[in-house]
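The structure appears right after this line, and notes come after that.
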Amino acid sequence: MFSWVSKDARRKKEPELFQTVAEGLRQLYAQKLLPLEEHYRFHEFHSPALEDADFDNKPMVLLVGQYSTGKTTFIRHLIEQDFPGMRIGPEPTTDSFIAVMHGPTEGVVPGNALVVDPRRPFRKLNAFGNAFLNRFMCAQLPNPVLDSISIIDTPGILSGEKQRISRGYDFAAVLEWFAERVDRIILLFDAHKLDISDEFSEVIKALKNHEDKIRVVLNKADQIETQQLMRVYGALMWSLGKIINTPEVVRVYIGSFWSHPLLIPDNRKLFEAEEQDLFKDIQSLPRNAALRKLNDLIKRARLAKVHAYIISSLKKEMPNVFGKESKKKELVNNLGEIYQKIEREHQISPGDFPSLRKMQELLQTQDFSKFQALKPKLLDTVDDMLANDIARLMVMVRQEESLMPSQVVKGGAFDGTMNGPFGHGYGEGAGEGIDDVEWVVGKDKPTYDEIFYTLSPVNGKITGANAKKEMVKSKLPNTVLGKIWKLADVDKDGLLDDEEFALANHLIKVKLEGHELPADLPPHLVPPSKRRHE
């Protein structure tokens, strides 16, 4: 008796089990969020429906910049290989969107074929028409870098209204479509000719809902002197501050991202450190891909909820018979007041609402009589997903991340940053002398010995109190000096002999020169007399 009640209750109590985060996101979207989107025509206003390929695809990196800022050369530098369809030159060369992806053989897949392939995440680009699809292709090639990530090369952004109109498709809208689905957006600027055209400003503004994905690269920085570089960097930050309206400062990487010799090598160390940081950021993408997809689904769910409230409010205000057209105009003009009313009634953050101007434009062409009234059950299902299902998936995300290596992307330029004499920081700081036969501290030991014998050694060793008097002269914080003491006291007897004291001073010098201290003492820094204990 009442078996239908018990089944329903049991279904609510038992959480759904997923094998992977991607499978969980796919099922949650199809079962809980998609019905809300379809009921309130979300896809006509904001973004096409997600497909299976959107949840399974590799992390993607989108490169955006004005012409001749080095976008295609940047890809060539990363993968260390020419790719089909690649054109490089000082004039506007890349006139297409090129998805550089892994494939068993080299080749090009045209846009019209790409958008009918269910294994690719590009099917919804069909909506931008033939003018765009004729300017879209996939360059396939076997490459170890592309095993882990895909890279989207874009046409160089030009100045002037003529070029914008002659494209034949909405360039900013296409970029916005990609921005929703990629894991990283890299904006490239040329340090030698810094200029932000009107179209580029519009493009950056179109990406404003994805600031967390944006990184900026100031490329070709080896072509200018240090003083000029500082001025260019300041001008870039000032320009970006006017376009990207966020309190946080966007991360800018400075360098020269190609394999040619540096024209002005003054800032070589800076460029190496910046390249290393950017590579680490890109290498982290596969590890963080599941979290990014989860975050994007949450953002989409919040927008879908707000959209449902907007559409149902408009439906509620519409008359049943007469004066529909005049009422529609009135509602569109007063959409800002409807936003405020929804914000108050449902305690929704202003940041969750879509652009007022864009929404007004889209509503002009809609038939309000086809809008649906509020259906609380659909909203409750999405609320339940956000409150419970997403929390369970977060646990799975952390588990999947812990099983992945920290740097998944390998091959190409990424191999050049690995261990070896040309690895970043090799032979510097605590690594100095790593390949020397002699103990690297030995060359300065006579100087340290003079200080050591003024500190009243007993049986060839000084106490911690006496060592502290000398070590604090470095003005380093006690936390740092405490770490240096632990590293230098190799035999852990609470005292320092002459070699250990020399080692402590060497580590102080390393820190004062701006290098990090090692977590454990490297073998080449162990004093010669202690090496037999190792």
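Start at 1 and count along the chain as shown; that gives each residue its number.
Each residue, glycine too, has its Cβ placed from N, Cα and C.
As the structure is a computational prediction, the values presented were derived from the model and not from experiment.
Residues Gly65, Gln66, Tyr67, Ser68, Thr69, Gly70, Lys71, Thr72, Lys220 are recorded by Swiss-Prot as ATP binders, and the candidate that the same record lists for that site, out of Trp177, Trp258, is Trp258. Summary of the site annotation: Swiss-Prot records Ca(2+) binding at Asp489, Asp491, Asp493. Screening the candidates Glu499, Glu500 against this entry identifies Glu500 as the one listed for that site. Checking Ser47, Ser456 against Swiss-Prot, you find phosphoserine recorded for Ser456. Annotated by Swiss-Prot as coiled coil, the relevant range among 138-167, 198-227, 288-317 is 198-227. Record note: of Ser355, Ser474, Swiss-Prot gives the feature phosphoserine to Ser355, with no matching annotation on the rest.
Taking the Cα atom of each, Asp491 (Ca(2+) binding site) and Ser456 (phosphoserine) are about 20 angstrom apart. Residue counts of the region 'G3 motif' (153-156) by helix, strand and coil are 0 helix, 1 strand, 3 coil (DSSP-based). Local packing around the Cβ, expressed as the count of other Cβ atoms within 10 angstroms, is greatest for Glu500 among the binding-site residues Asp489, Asp493, Glu500.
Each of Lys461, Ala488, Val490, Lys492, Gly494, Leu495, Leu496, Asp497 belongs to the same chain as Asp489, Asp491, Asp493, Glu500, is absent from that list, and has a C-beta within 8 angstroms of the C-beta centroid marking the Ca(2+) site.
Distance from the CA of Ser456 (phosphoserine) to the CA of Glu500 (Ca(2+) binding site) is 15 Å. Of all the recorded positions in the record (Ser456, Asp489, Asp493), the one with the smallest CA separation from Ser355 (phosphoserine) is Asp489. Take the CB of Asp491 (Ca(2+) binding site) and look out to 10 A: across all protein chains shown you find 14 other CB atoms. Less than 8 angstroms from the CB of Ser456 (phosphoserine) sit Ile462, Asn466, each of them six or more residues away in the same chain.
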